[in-house]
Amino acid sequence: MTSSLENIRHDWTLEEVNALFNKPFNDLMFEAQTVHRQHFNANEVQVSTLLSIKTGACPEDCKYCSQSARYKTDIEKERLMEVEKVLEAAQKAKAQGSTRFCMGAAWRNPKERDMPYVTEMVKGVKALGLETCMTLGMLSKEQAHSLQEAGLDYYNHNLDTSPEHYNQIITTRTYQDRLDTLDNVRSAGMKVCSGGIVGLGEKANDRASLLAQLANLTPQPESVPINMLVKIDGTPLAEVAELDDFDFIRCIAVARIMMPKSHVRLSAGREAMNEQMQAMCFLAGANSIFYGCKLLTAANPETNADIALFEKLGINTETIESLVDDGQEEKQIQAAIIEKENEDLFYNAG
Ligand code: SF4
């Protein structure tokens, strides 16, 4: 199946994805960079800021996560942040060049009593002229609608890993639960941010399977974070074997080829990467990064390091203006949703 979105494919087979992963490295990088240049300015990176609005004490059992209440980690638990504090942080993020402000809460799902606060946050951040993104766990249809009405642009909900490896990593929610949340987000009219984590002790085939899941979503997620596991003491994955850097770079390149119009985000794990590794990831097609929330409260040498790297590489950051289009993207998303609905109808009829 090929969607009308400029021949974006949603019918990737595992064999095809594995074939991409197994290409000679230089061929893979060349193909990824070629695809990247067809759809993006190759020297531009989008910058988001991530703020944790509620930290720790999460009832879920994601085996990589410092915020799960089930593991003994050094995390400082924090209640849901006040709306004013969130808006102050958003203002600072904007001043530092971020175009998107992502707010994350360590919840299984938001409770009804939380919704008035999070929707206020969305309205306030939106009023500052920033794109808004949230990650709050699973969402019902109604909650997705409330967030969309408040002005939420993106909702992040990662698939994390392949369906095959999933049970090794999380047991408190199913893969289908995740797909259902993504469906609710999409149906409410918001953009989807969904990716995964590599280095979870998965096999190469699992990385291919995860990317096939993401690319075969219709429409594909607009934003695809690819995270390198950050091993946290106290979590069950603290001692998992290291992933080879080239396997990570290949993952970025294959994501770029399969999801040519998506922003591929170099996410968690970037702090541990040297400049050369990050540069290879940009060459492979990564075009979005996070500035961490710590930069909001303290002088942040890492921010300076990012700026220095961008200068060395001649990379500019995307501006809000460059993100504003003539509504074409929205129309394409709507067309793809209708196409998907038609497909489902035909399938059911059969
Ligand atoms: S749901 Fe999110 S915050 Fe909770 S344990 Fe899993 S990854 Fe961590």
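Backbone N, Cα and C define each Cβ position, glycine as well.
What you are looking at is a predicted structure, and each value in this text was computed from that prediction instead of being measured.
Here is what TrEMBL records for this protein:
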DOMAIN    43-270  domain 'Radical SAM core'
BINDING   Cys58, Cys62, Cys65  [4Fe-4S] cluster binding site
BINDING   Cys102, Cys133, Cys193, Arg265  [2Fe-2S] cluster binding site
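Proximity to ligand 1 at the level of Cβ atoms, with a cut-off under 6 angstroms, picks out none of the binding-site residues Cys102, Cys133, Cys193, Arg265.
Counting every protein chain shown, 24 other Cβ atoms lie within 10 Å of the Cβ of Cys62 ([4Fe-4S] cluster binding site). Neighbouring residues of the recorded [4Fe-4S] cluster site, listed in sequence order and excluding Cys58, Cys62, Cys65, comprise Glu60, Asp61, Tyr64, Ser66, Gln67, Ser68, Ala106 (Cβ within 8 Å of the Cβ centroid). For the domain 'Radical SAM core' (43-270), the model's pLDDT averages out at 92.
For the [2Fe-2S] cluster site, the Cβ centre of Cys102, Cys133, Cys193, Arg265 serves as reference, and the other residues of the chain with Cβ at most 8 Å from it are Ser48, Leu50, Arg100, Thr135, Tyr154, Asn156, Ser223, Pro225, Ser288, Phe290.
Take the binding-site residues Cys65, Cys102, Cys193: by the count of other Cβ atoms within 10 Å of each Cβ, the lowest one is Cys65. The Cβ of Cys133 ([2Fe-2S] cluster binding site) lies under 8 Å from the Cβ of Ser48, Arg100, Phe101, Cys102, Met103, Leu152, Asp153, Tyr154, Tyr155, Asn156, Cys193, each of these being in the same chain and 6 or more residues away along the sequence. DSSP classifies Arg265 ([2Fe-2S] cluster binding site) as strand under the three-state reduction.
The Cβ of Arg265 ([2Fe-2S] cluster binding site) has Ser48, Cys193, Gly195, Ser223, Val224, Pro225, Ile226, Ala286, Ser288, Ile289, Phe290 as same-chain neighbours under 8 Å, each 6 or more residues away in sequence. Cβ environment of Cys58 ([4Fe-4S] cluster binding site): Cys65, Gln67, Ser68, Ala69, Ala106, Trp107, Arg108 lie under 8 Å away, each six or more residues apart in the same chain.
Cys65 ([4Fe-4S] cluster binding site) falls within neither a helix nor a strand when secondary structure is assigned with DSSP, and so counts as coil.
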